[in-house]
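These features come from TrEMBL:
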- B:L20, B:N27, B:K156: xanthine binding site (BINDING)
- B:43-167: domain 'Phosphoribosyltransferase' (DOMAIN)
- B:A128, B:N129, B:G130, B:E131, B:A132: 5-phospho-alpha-D-ribose 1-diphosphate binding site (BINDING)
Number of protein chains: 2
Amino acid sequence: MDLLKERIMKDGTALSDTVLKVDEFLNHQIDPELMVEIGKEFKRRFSNKKIDKILTLESSGIAPSVMAGLEFGVPVVFARKRKSLTLDDGLLTADVYSYTKQETNNIAVAEKFITPGDNILIIDDFLANGEAANALIHIVKKAQANVSGIGIVIEKSFQKGGRELRDNGYHVESLARIESLSEGSIKFLDEVTN
Amino acid sequence: MDLLKERIMKDGTALSDTVLKVDEFLNHQIDPELMVEIGKEFKRRFSNKKIDKILTLESSGIAPSVMAGLEFGVPVVFARKRKSLTLDDGLLTADVYSYTKQETNNIAVAEKFITPGDNILIIDDFLANGEAANALIHIVKKAQANVSGIGIVIEKSFQKGGRELRDNGYHVESLARIESLSEGSIKFLDEVTN
């Protein structure tokens, strides 16, 4: 998605070999117009899939998901990060290890919002080692629902998440795929534009 | 806003005299179409104000704010809730006491996103005692920016936040104002429809 790649080049910062900062338009400040275009692009890439609902993770996944939800005409559910492990009643839960923060969070979705047979599009802002995506997949499976696809705004292709998910048969669409962040320079993976 | 009130009556639940659950369309599951209408209504209600940026609080404030940002043609910044009080460098911070959770959270916005003279529309999902709104006002003032208005999706008018903010001269617009949640029944404040 050229518009997104251009924006990453303009406003993104490679803080290290593994950390890309995009707080100008996605992670802290949000550009609503860009989110509309991201929603449309997800719709285009998953146009052949049956999607009943979008599942994301608070907070940075919410804006792109809501715009995608508008395009697909479906509700969006965001998993909540939880401090404590109390009160699992009526909740679908999973653990997410954050390499960046070096801590494990528990995430939860109310059972009533994902029901057996639902076709779920998972959307998230970043895909790196796949921890968040796998936790969301775990929640969908616990609910006996189906993962129709995984839509990612920015994939760090040099980390293992994307490869593993595709190897496991998931349809992953990443709107920008980063090949390298070495030496403060952002390089995209060469892709055939479709 | 009739559409919102109808939705609250249909899907909202008065869990107690003070707690209204709206996780079907706003706080956990999000209805994107309703968010579009909420964005348009905020635009209508603040159409005479100069707005450079929208400031909200993660996570439930994000969806209505992004749709409002689209209508106003301005960026949205969401304040982050923080676990620890480390690393204040370059951050505008404030404390928020949650009566529901009975805990104090620190919220933070990067200084670079609110600059002196900016005209800020604060948007949040709920207004009860005004803790979150006052913390966001505090952040705007710290940045030497101006509060152009405060847009609230659901105001619990029987709690003090809305009255105090209006008494202090702020232009507060709440799309639904709840007069009472007593005995499991949701009652709206009588308002002249404008």
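Just so you know, glycine gets a Cβ as well, placed from its N, Cα and C.
Since we're looking at a predicted model, the values are computed, not measured.
What TrEMBL annotates, mapped onto the structure for a quick look.
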| residue | record | Cβ contacts under 8 Å, 6 or more apart |
| --- | --- | --- |
| B:L20 | xanthine binding site | B:I8, B:G12, B:T13, B:A14, B:I154, B:K156, B:I178, B:L181, B:I186 |
| B:N27 | xanthine binding site | B:K21, B:S60, B:D125 |
| B:A128 | 5-phospho-alpha-D-ribose 1-diphosphate binding site | B:T18, B:Y99, B:K156, B:Q159, B:G161 |
| B:N129 | 5-phospho-alpha-D-ribose 1-diphosphate binding site | B:Y99, B:Q159, B:K160, B:G161 |
| B:G130 | 5-phospho-alpha-D-ribose 1-diphosphate binding site | B:Q159, B:K160, B:G161, B:G162, B:E164, B:L165 |
| B:E131 | 5-phospho-alpha-D-ribose 1-diphosphate binding site | B:V96, B:Y97, B:S98, B:Y99, B:G161 |
| B:A132 | 5-phospho-alpha-D-ribose 1-diphosphate binding site | B:L57, B:V96, B:D124, B:F126 |
- Message: For B:A132 (5-phospho-alpha-D-ribose 1-diphosphate binding site), which of the three DSSP-derived states applies: helix, strand, or coil?
- Response: helix
- Query: When you look at B:L20, B:N27, B:K156, which the record names as binding xanthine, what is the longest CA to CA distance in angstrom?
  - Reply: 16
- Message: Can you give me the residues near the recorded xanthine site, meaning same chain, not B:L20, B:N27, B:K156 themselves, Cβ no more than 8 Å from the center of the site's Cβ atoms?
- Response: B:G12, B:V19, B:K21, B:V22, B:D125, B:F126, B:A128, B:I154, B:I178
